[in-house]
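Trainee: Sharing a structure, written as structure tokens. Questions coming.
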């Protein structure tokens, strides 16, 4: 397949590496246009992939079979809209990012839209991307009109396993959102690795109760206890990890809070549900952000 990967950060480089190794024709797409992108990745087994790949070639984009978007949630909408007119109208766009809310911003996109969520973990260490842990990627249609692209899951399964297709991806996205609503803001506020959160079961339960109430009103059956058990499982499995939000805070970057707890707040408001704990966490992270964005270092640029 011919694939353009939009966003060449940790997750983007992970996919570029895996696609390249499987013989797919790939290019990166960067915010600052340049003819190549450097991919420098250390795999979970210690092997190294270090290549310069094509980037920002509009002819390549115009003949791509898939646009894989691995940007931060707040960058997605503007970036995808800027490329949509060059991309064939039949080429699916697969979004893989933390949080929810980008689909609502892309309702008028003509191309088929797919949403994904992944438990693969990768982080930056200087100029190198470390593939910290293998995981599973869930993908499915973002809107009712987006149809069956399960063949893509089969192809991507051979690239970076595991990949699972869901006709109803929304339920999976909400489960991941519950995890993100707990782990991301708490680690960002307390400046700690994920594993430290084990010591705060009451706080975690409080957040899960609020998230479960919203999920139920969204039409997906769950319980606060189920969400809590799942969150604790993820905390244990990723105990050593530094969450993406804490990485953003430490490097004075704009976080994805608007698409995590912020998205939950918007849906809660729509259903008339009070979510005081999530509101408090949202405001605390926004306050941290504003401390450095006020002096201009972490201002959200266009993607």
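Every residue, even glycine, has its Cβ placed from backbone N, Cα and C.
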Trainee: Out of 218, 225, 240, 256, which one does Swiss-Prot list together with 7, 8, 9, 10, 11, 12, 98, 122 for NADP(+)?
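Mentor: Looking at 218, 225, 240, 256, the one Swiss-Prot places in the NADP(+) site next to 7, 8, 9, 10, 11, 12, 98, 122 is 256.
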Trainee: Need one residue: from 167, 168, 194, the one Swiss-Prot lists with 98, 180, 184, 244 for substrate.
Mentor: 194
Trainee: Show which residues of the chain containing residue 184 (substrate binding site), separated from it by at least 6 in sequence, have their CB under 8 Å from its CB.
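Mentor: Correct list: 98, 243, 244, 245, 246, 255, 256, 257, 260, 261.
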Trainee: Which residues of the same chain, at least 6 positions away in sequence, have a Cβ lying under 8 Å from the Cβ of residue 9 (NADP(+) binding site)?
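Mentor: Those within reach of residue 9 (NADP(+) binding site), by Cβ under 8 Å and sequence separation of 6 or more, are 70, 71, 72, 124, 129.
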Trainee: Can you give me the Cα-Cα distance between residue 194 (substrate binding site) and residue 176 (active site, proton donor) in Å, rounded to a whole number?
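Mentor: Cα of residue 194 (substrate binding site) to Cα of residue 176 (active site, proton donor) measures 15 Å after rounding.
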Trainee: Around the Cβ of residue 180 (substrate binding site), how many other Cβ atoms lie within 10 Å? Please give the count over every shown protein chain.
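Mentor: For residue 180 (substrate binding site), the count of other Cβ atoms within 10 Å is 27.
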Trainee: Other residues near the substrate site, CB within 8 A of the CB centroid of 98, 180, 184, 194, 244?
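Mentor: In sequence order, the nearby non-listed residues are 179, 183, 187, 243, 245, 256, 260.
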Trainee: Starting from each candidate's C-beta and looking 10 angstroms out, tell me which of the binding-site residues 194, 244 has the most other C-beta atoms.
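Mentor: Most Cβ neighbours within 10 Å: 244.
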Trainee: Max Cα-Cα distance in Å among 7, 8, 9, 10, 11, 12, 98, 122, 256, the residues listed as binding NADP(+)?
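Mentor: Comparing all Cα pairs, the maximum is 17 Å.
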